[in-house]
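Features reported for this protein in TrEMBL:
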- 95-116: transmembrane segment (TRANSMEM)
- 182-203: transmembrane segment (TRANSMEM)
- 209-230: transmembrane segment (TRANSMEM)
- 323-343: transmembrane segment (TRANSMEM)
- 363-385: transmembrane segment (TRANSMEM)
- 405-426: transmembrane segment (TRANSMEM)
- 457-476: transmembrane segment (TRANSMEM)
- 488-509: transmembrane segment (TRANSMEM)
- 533-552: transmembrane segment (TRANSMEM)
Amino acid sequence: MEGKGYTQDGTVDLRGRPVVASRTGRWKACSFLLGYEAFERMAFYGVASNLVVYLTTQLHEDTVTSVRNVNNWSGSVWITPILGAYLADTYFGRFWTFTVSALIYVLGMALLTLAVSVKSLRPSCINGVCGSATPLQIAFFYTSLYVIALGAGGTKPNISTFGADQFDDFDPREKKLKASFFNWWMFSSFLGGLIATLALVYVQENLGWGLGYGIPTAGLIVSLFVFYVGTPYYRHKVRKTDNPTKQIFRVLLKAFGNRRLELPASHTDLYELDHHDYVVTGKRRVHYSPGFRFLDKAALKDDSTAGGTSKPYTVTQVEETKLVLRMAVVWLTTLVPSTIFAQVNTLFVKQGTTLDRRLGHGFQIPAASLGSFVVISMLISVPLYDRYFVPFMRRRTGNPRGISLLQRLGVGFAIQVVVTLVASLVEMRRMQTVRAHGTAGAKDLVPMSIFWLLPQYVLLGIGDVFNAVGLLEFFYDQSPEDMQSLGTTFFTSSIGAGNFLNSMLVTVVDRLTRAGGGKSWIGENLNDSHLDYYYGFLMAISAINMVVFLWISKGYHYKEESIEVTEVTTSSVEMEVRLVEEKPLSDAQV
């Protein structure tokens, strides 16, 4: 295979034929994908970043209700990828799952554009004041939103993993290129978000919501056309396990059934296939690791004393289950950081609406546009991280990534603790201004520039270069071979769960602080609330979460895998060669 120039990882074209490495994949193929990612992010952030404004000004929802609805929808957008990834890994593959889901996504955007454009589908407005929406109008609007969420379920987990599939893990040159892939993938994503928060938000508030949603809809359609033009250059992973998700549960059940049996003194006595079996199937071998030792009982060679009649599972199958459990533990520590980021499209925006947004004479910045500084700081930080920080740290650590995956996450989590501290201090300053100028009314404008919020937005952007990009790369890298789409949903679902968690926190905190006639921390009138207390609460749970993350990271074992291939020597003797992809020592530390 290698002698004919084929890829070493066994990837194929759309018809299932081996692909020539020099003609397919790499950045040549990824260039067709980046356009879609940029337009999809533009569409998503074009809706999400200003949705709370539409709900409060056009549908007349109160602050808590609008924040809850935005979080619930955003959470759904990030949770549905679990279904899309399962369908891709188990049945249809990434390409076809993405194809169908992208069409559903476009349909949802088209329906949403109609919902804010067609007179019979939106509330009637006179001189900028809109009446109450009818139940039918509300139902159509939210149906459109959740059709988008359904479409996103199949596109989000598959487009990024499909892009990563274009690089051969077992070709040293391509592996080096892949180390930068997720940085530049997120760069294109941030670029789409920047256009949304700078241009689309302004179009929505000044030229019309229909035009503001119609532009990204048209962009999505064009980007899909470009995506399919690149079809001849794409590489496709071959699924080597019939149902990888079922296998995880079967290993757990097998280990539970053998719970009373003793483990052998050495893990080498556990059941594993011969090298030849891996050569024939092309499946990667995952090497034994300590931890979750109770699962090793699923690989006992002789479980007859427990009444076992089925074959034992291999060490590789057991290790794949361990990988999923380890990722699940790390996933739990990502929920609080995701909750912090959820403030960008909710409370940060509402906070901005109370401040002086004038820029020059006659121009007023939409509150949601300040979110563009999150994206701008990301766009500046990603090239700096990839071109300067990584080479600098690589020379000192010997790690190809510069720092380990978990170290990268740790830096991002630490920055988010600082974000909550800064947000709390700025809010205290805002409330001092309210008291000093007597602007405590619900519609009073606080004589304080909106740019006071700038530091928390910029810090969030810098933190996300470590946090968001690091999470996507971590969950893809540490997933079992046949579960990389599903593994990536650990990233998307953490964002979704963070939105749901924020929705729950906002509701609970509002009710508890209002109990007994008290003043709500997150009231309808932010000029007479205690948002600084809420940000202080978020800082406290962020700091606690950081400590837990560091403790978990100390005992984390990274994936080590190998691929067995056949190689024909000059003497025409066929040999089995093990190519082991060892993780650097520094990747096992935090």
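Cβ atoms are placed via backbone N, Cα and C, with glycine included.
Those TrEMBL annotations? Automatic predictions, nothing curated.
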Does the transmembrane segment (323-343) come close to the transmembrane segment (533-552), meaning at least 3 CB pairs under 8 Å for residues 6 or more apart?
yes
Taking contact to mean 3 or more CB pairs closer than 8 A (sequence separation of 6 or more), are the transmembrane segment (405-426) and the transmembrane segment (323-343) in contact?
yes
Give residue numbers and ranges for long-range contacts of the transmembrane segment (363-385): same chain, 6 or more residues beyond its ends, CB-CB under 8 A.
45, 49-50, 52-53, 183-184, 186-187, 190-191, 193-194, 197-198, 201-202, 204-205, 344-345, 348-353, 355, 357, 450, 453-454, 457-462, 464-465, 469
